[in-house]
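Colleague: Sharing a structure here in structure tokens format.
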């Protein structure tokens, strides 16, 4: 007889999750040819939570997964980011690549820990993942191919996908449930119905590649159920749903599309994410409880997205362009925190949604297996303020960068650097020297700048500050087309012009031609095009940052882009903390060479989570790259502080 969630007679077991489903051996994986899922011939409701290994320090993986299991969940879900695992074309990093994010990429270790913590695993391997992540997980070097069309059966694109999957999938195949591993399900692509492509032959090709590389477990897709079959093929995949309201209607639609098959919510949105310059999103625990309970009562399988959101470290936040055009005309950058108002907060601490999840699963899960004790909350501290004692202006920073020379301005992706892979992240500086600039001369930048820019003349900032949310609609951002700036009220000769452009994160869904820098037109001075540019990639890789030596032992407080350096001394084992940047304007924070993330006074957040594994006992170097005006100190606090200006 089929089980029903909230059965009056639940199955009580002294066995672990794995023991319950595998004690008699493994004969089959997860099947979906009946109204409910069966795993190894035993009925199962999948109660999952999303944890992205690449958004959580490796040292915390076990803690987060144990907390997930202790809440009563039996499965963890994760995406796999192509851009991190193949940072250069044909070069792969699964933890030992020597890149700044390498320690976050030990995928096999994460999967092994999941099994050890008594969790099954859902893999969402893309190649597109969305995830509010930089470029939806795509490597930026794909943009160097002029004839590529992402998320289609385009041969150039599929050649790269086939090569990438040929490396990734054999690794994952070893961890399949039917081979003794934790992986019970693979999702193919992601929300393809809203891709704007609808090339279902592409979906077939992905399926074939997966099978050819040894994938045997259940293949699914995920979309909003109202999109029906625009993003799936019902004879090849099980469709799952993504939503956060009106669960019964959504699940009924899934049943209508695929009768007599299991219903599952792949993304039940526990919260939401924030944009720079916007308000902090809120989704109450009461909303969460009501909708989660409706899914459990249906009954349906469900994955809480996110159970633990983590952090967009470095430059890895995504963005949205709600007009879905290539111009970047309605661009909104996502903040570094991916806390997502989740059951576990960014530090792995418990929220009301955690206890609500645990309570609801105790009531509705028809199969009761052993759970671990709930682990203790993490230790957090507020370190003493760090005084910034050294500075370095843009001029001295550029001395340590090998420039690229180009007759015209070009985007960072097209720079012939990084072994022919271009520039992925950070800033790009366009420099033109020896200029004669008449008084009141106008600099004109054609098209839109991607994404924000600062203009300097002889090292002096002449462009507006990007300080408050209202400034996002002024000159200095992509919101303004054909920007114009008066460069000087005096006649200048032999002048140096610098345009510093920030890549504020590539859009993670719906836009695919995403070059960063200047690329939509030329640059004019009083109507005359400027040519022969010296271009500097300002990437902030740790090796470069740690090797800087042109520091001045003073902080002048001058206006304009510059680095500021101080030392945080810790006399005991480090603890988690938050860098509090309210007194600064806009920029990035770097800790021991690692780009922690972005800050902006406009809000909605004024803090950056700094996990203990990024610190050392002893001296820690704190560097701030500030766009406009520095403060004297970097402060710390024990929690996030949300405030908008």
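Backbone N, Cα and C define each Cβ position, glycine as well.
Sequence annotations record features per position, and here TrEMBL assigns active site, proton donor to 191. Per TrEMBL, the feature active site, nucleophile maps to 267. If you look up TrEMBL, you'll see 37-363 marked as domain 'Glycoside hydrolase 35 catalytic'. The domain 'Beta-galactosidase 1-like first all-beta' annotation in TrEMBL covers 422-539. The domain 'Beta-galactosidase galactose-binding' annotation in TrEMBL covers 561-620.
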Colleague: Enter the number of other CB atoms within 10 angstroms of the CB of residue 191 (active site, proton donor).
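Modeller: For residue 191 (active site, proton donor), the count of other Cβ atoms within 10 Å is 21.
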Colleague: Fill in the CA-CA distance, residue 191 (active site, proton donor) to residue 267 (active site, nucleophile), as an integer in Å.
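Modeller: Checking the Cα atoms of residue 191 (active site, proton donor) and residue 267 (active site, nucleophile) gives a distance of 11 Å.
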Colleague: Does anything in the same chain, at least 6 positions from the residue listed as 'active site, nucleophile', have a Cβ under 8 Å from its Cβ, and if so what?
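Modeller: Listed in sequence order, they are 50, 222, 241, 242, 243, 303, 305.
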Colleague: Averaged over the domain 'Beta-galactosidase galactose-binding' (561-620), what pLDDT does the predicted model reach?
Modeller: 98
Colleague: What does DSSP give as the helix, strand and coil breakdown of the domain 'Beta-galactosidase galactose-binding' (561-620)?
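Modeller: Once the DSSP states are binned, the domain 'Beta-galactosidase galactose-binding' (561-620) shows 3 helix, 35 strand, 22 coil.
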